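K.L.:
Can you keep this structure in mind? I'll have questions shortly.
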Amino acid sequence: MVKLIVAISGKRKSGKDFVAKRLAEKLRQVATVHLAGVSHSLKQEYAQIHDLNYDELLTDGPEKEQHRRDMIEWGEQKRKQDAGYFCRKAVSADPNCDICIITDCRRTTDMEFFKNYCKTLAVRIDADLEVRKSRGYIFFYGIDDAESECGLDDYKHDFVLQNNGDDAFLEKQMGEIFDICKTLLSN
Ligand SMILES: Nc1ncnc2c1ncn2[C@@H]1O[C@H](COP(=O)(O)OP(=O)(O)O)[C@@H](O)[C@H]1O
Ligand SMILES: C[C@@](O)(CCOP(=O)(O)OP(=O)(O)O)CC(=O)O
């Protein structure tokens, strides 16, 4: 049974995947860690239905952006029937790990699901607009002003991490999260 979930949210190109991978490496010193995404099973099912390459949808390549709008819409339909559908699949992928890091929470229902499932640390990744732009971010109407990107803007996360490219500061903040996780695991 998963003992702790680290539920990460953040805007496009804030560095959610980058931070999640680094955090996983760090936490693997003290626990078994599984990296999962709410969008993984969504992309998998969507790819199957539309005969697309799932691995390609997982990358930062053009295919994800070409299909984003439609994937969001398809996902919304699924969530209307069952708000926890994709979250459940994400935590079930490796049910025996100590820590499950979820790389892409977007909606309050995602956070509610994880907080109800087990001990959860909600982490927000923040990066300045200019920094996100330098990483390839471009604003799209209907995506960047919609729930998929804004649903957790006002959510009270347990930890807010600044990811503007200062590596020493990033490591310091990772160290703080690492300590919090260790404490949560031992309680
Ligand atoms: N602290 C950082 N230092 C260097 N590169 C970073 C950092 N954070 C993010 N990046 C890079 O920025 C890009 C977007 O990061 P990513 O984690 O994919 O963002 P998101 O998952 O939030 O859309 C990737 O190419 C990633 O390697
Ligand atoms: C349809 C999505 O699940 C696609 C998410 O894909 P990623 O999590 O890879 O996206 P970014 O990190 O923002 O680039 C969004 C949703 O609203 O469910």
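Glycine too: its Cβ is placed from the backbone N, Cα and C atoms.
Positions annotated as ATP binding site by TrEMBL: Lys11, Arg12, Lys13, Ser14, Gly15, Lys16, Asp17, Arg135, Gln173. Taken from TrEMBL, the feature substrate binding site applies to Asn163.
Structural setting of the listed features?
P.N.:
Around the Cβ of Gly15 (ATP binding site), the number of neighbouring Cβ atoms within 10 Å comes to 23. In three-state terms derived from DSSP, Gly15 (ATP binding site) belongs to neither a helical nor a strand segment and is classed as coil.
Secondary structure at Asn163 (substrate binding site), taken from DSSP and collapsed to helix, strand or coil, is coil. In this view, Asn163 (substrate binding site) is surrounded by 22 other Cβ atoms within 10 Å of its Cβ, with every protein chain counted.
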K.L.:
Looking only at Cβ atoms, how many others are within 10 Å of the one on Lys13 (ATP binding site)?
P.N.:
21
K.L.:
May I ask which residues of the same chain, at least 6 positions away in sequence, place their Cβ under 8 angstroms from the Cβ of Asp17 (ATP binding site)?
P.N.:
Thr103
K.L.:
Spatially, and counting Cα to Cα, which of the binding-site residues is closest to Asn163 (substrate binding site)? Options: Lys11, Lys13, Gly15.
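P.N.:
Comparing Cα positions, the candidate nearest Asn163 (substrate binding site) turns out to be Gly15.
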K.L.:
Filtering Lys11, Asp17, Asn163, Gln173 (binding-site residues) by proximity to ligand 1: which pass a Cβ cutoff of under 6 Å to any of its atoms?
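P.N.:
List returned for ligand 1: Asp17, Asn163.
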